[in-house]
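TrEMBL lists Cys64-Cys100 with the feature disulfide bond.
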Amino acid sequence: SAYEYFLKVWLQGGKKEHKYRQMYDKSIQGMHDHLLQRSEPNGLTYIADRNNGKLDHKMDHLVCFMGGLLALGAYHDPLGVDSDRAKRDLRTARELTYTCYQMY
């Protein structure tokens, strides 16, 4: 996924190519704003798909990498691990990882 590459290119480049971190941050913000959902009635967090502008309320098991990616991004957040953004991403990482655990 592009999310993964934006962050990892920035990290592997010594955190010098700021445009990659900015693309990662913008992508993750978009995920939070448009794709992150909670199931009913159990409240599990998942990332929906969007097809032709319509949300498809399912999450493929391959999306389970996002918990680790969000945690990695939070721990390397230029604003600091105690920033609101990093805390949000760590919380989402825990929730998504728990959802994946429940799927299996």
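We count from 1, first residue shown onward.
A Cβ is built for glycine as well, from the same backbone N, Cα and C atoms used for every other residue.
TrEMBL does not curate its annotations; it predicts them automatically.
DSSP classifies Cys100 (disulfide bond) as helix under the three-state reduction. Annotation for Cys64 (disulfide bond): same-chain Cβ neighbours under 8 Å, separated by at least 6 residues, are Leu96, Thr97, Cys100, Met103. Of all the Cβ atoms in the protein chains shown, 18 others lie within 10 Å of the Cβ of Cys100 (disulfide bond).
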